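Shown next, in structure tokens, is the structure this report addresses.
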């Protein structure tokens, strides 16, 4: 089971943290610091698996990570997970981010946190891997984006309606509005302008 997914930059600043076990805020921050110190001091030519830190569970857990440019992608997992399977999951996650953001960079993770969490939620939920097919993940994210755009249009409708009424050049405010069988009496309103 995946216990946590952490992304931080070369300076240890967290860019994403998702915990699948309950930890207090202070403990989460300590786990992030401890994990950064364990991972960042390792040479580039050593393997990408190491024993988990004391806060995340010690020798019963593993840290599996990849270092891409300025970012560390770290998955904290228990002993039931396959190291190579998690490395492949990290690769799929990074490639999916790259496809969704067109050459993903640290700033994308900062300014589009909600989208990154949506991508991660398509892949992992409750610490269990749901999907590893990048095309399926991207299809679901595209569907979410279309839904968000259509909802944004609905959310902006009242403001557009008010704007349209204000821009109408009516010689006077209508007192009765008739739409088919429906007759609406308009109360005395202050001027729109």
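Glycine too: its Cβ is placed from the backbone N, Cα and C atoms.
Lifted from TrEMBL, the feature list:
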DOMAIN    1-147  domain 'AP complex mu/sigma subunit'
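Across the domain 'AP complex mu/sigma subunit' (1-147), the model assigns an average pLDDT of 90. Helix, strand and coil counts from DSSP across the domain 'AP complex mu/sigma subunit' (1-147) read 69 helix, 37 strand, 41 coil.
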